[in-house]
């Protein structure tokens, strides 16, 4: 049986009479006698009280059955909710313990501060723990799981991948896929939900800088994933090595403030003081990475033996510290001495290779197609100009390549490509010749592109000078 959707519409009852379904319509204003008459006439049954009572009994029974179904649904729903709550509470016991520890630490620090036991450093930037976004996630991560097409899966392995077309949630799903595809989830016995929480924690701890942001993190990680496939590193390195490479790439610029090491040291920021002017940013990225991993619900290495984790931690730190460009010459020279007689069974050789690989990935934008790479130059120059403007206002030294009054896009890129990128990638090419066409040649093309742009800029500048001299001569 059923009824109309409006209270003013006719009411409908369906009856089973001798195996046939009969439909009865009646108005909401019908009296009991009218209903009785309608039922009898529509069903061709005698107008006797007993028969009418039987019909009403059938109707009542159907109503009762319907109500019992609704009650059953309610009961099942309530039981499921209770079970979900129990699972959530059981899972949060460890998190609650960690939260209590953190609360106690904060209380102890506050008491020490009030007692005058702690000296605050008057730094330009406050990188204290109070400013961290490392708060435990008590919910199951809610970013939607995207099913990657076969086309996307193949594109992820190549430098031509266009990183500008993807939202943060999609990039998170791509990173998640990479960990599964490389066998890292299985190798480290990662809880898939923990992997999701860790990736969310990573994303939340990248700042919204013009360049050093989560999209840059994804770019570096995607190129690392691509190089692993392109260079067949699965056959040459262990799964632990691959996990170290990917995790270092994901974490390598965590909580980057948008001001480089030179500024940190010259401005005597809290970071520079804390790390004694030695790679302050890279040390900070490492510290934040392991702060996130210290949260039980974000620890993707929770099921790794303590001694193995100690080695993984040290290896990740080594790679992130290698991204400090102040160490570029030292690291590349070391690799050059090893590359001609490279031994994949030699731990020192493999560590040096991993350091060079993360360096390549960190500064690999020019390997990509021009339409993907060039916007990154604009982003980097914007971040540089913000820093140099601040340095000028604070009376600090300003690097010429960061000064908006002195640098252009071509001049910023030509020297970097010619003297940093090409020599490093050509050295890696000695070990992996297959990268020449896909990675080295695009760098050469990019160098030629910017040299052409510089020639055009120089011609325009010369033309303006000639016009100005001509105008000056006429005025005399």
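Even glycines carry a Cβ here, placed using N, Cα and C.
Here is what TrEMBL records for this protein:
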- 136-457: domain 'PDEase' (DOMAIN)
- 212, 213, 214, 215, 216, 253, 362, 413: AMP binding site (BINDING)
- 212: active site, proton donor (ACT_SITE)
- 216, 252, 253, 362: Zn(2+) 1 binding site (BINDING)
- 253: Zn(2+) 2 binding site (BINDING)
- 457-476: region 'Disordered' (REGION)
- 457-467: compositional bias 'Basic and acidic residues' (COMPBIAS)
For the AMP site as recorded (212, 213, 214, 215, 216, 253, 362, 413), determine the largest distance between any two Cα atoms, in Å, rounded to the nearest integer.
23
Any further residue of that chain within 8 Å (Cβ to the Cβ centroid of 216, 252, 253, 362) of the recorded Zn(2+) 1 site:
212, 217, 220, 249, 256, 323
Using C-alpha atoms only, work out the spacing between residue 212 (AMP binding site) and residue 252 (Zn(2+) 1 binding site) and round it to an integer in Å.
10
Residue among the binding-site residues 212, 215, 216, 252 whose Cβ has the most other Cβ atoms within 10 Å:
252
Count up the helix, strand and coil residues in the compositional bias 'Basic and acidic residues' (457-467) according to DSSP, in that order.
11 helix, 0 strand, 0 coil
Just jot down the residues in the same chain as residue 213 (AMP binding site), at least 6 apart in sequence, with C-beta under 8 A of its C-beta; none if empty.
206, 207
State the count of C-beta atoms found within 10 angstroms of the C-beta of residue 214 (AMP binding site), not counting that atom itself.
21
Those binding-site residues listed as 253, 362, and which of them has the most Cβ atoms within 10 Å of its own Cβ:
253
At a 10 Å cut-off from the C-beta of residue 413 (AMP binding site), count the other C-beta atoms across all protein chains.
25
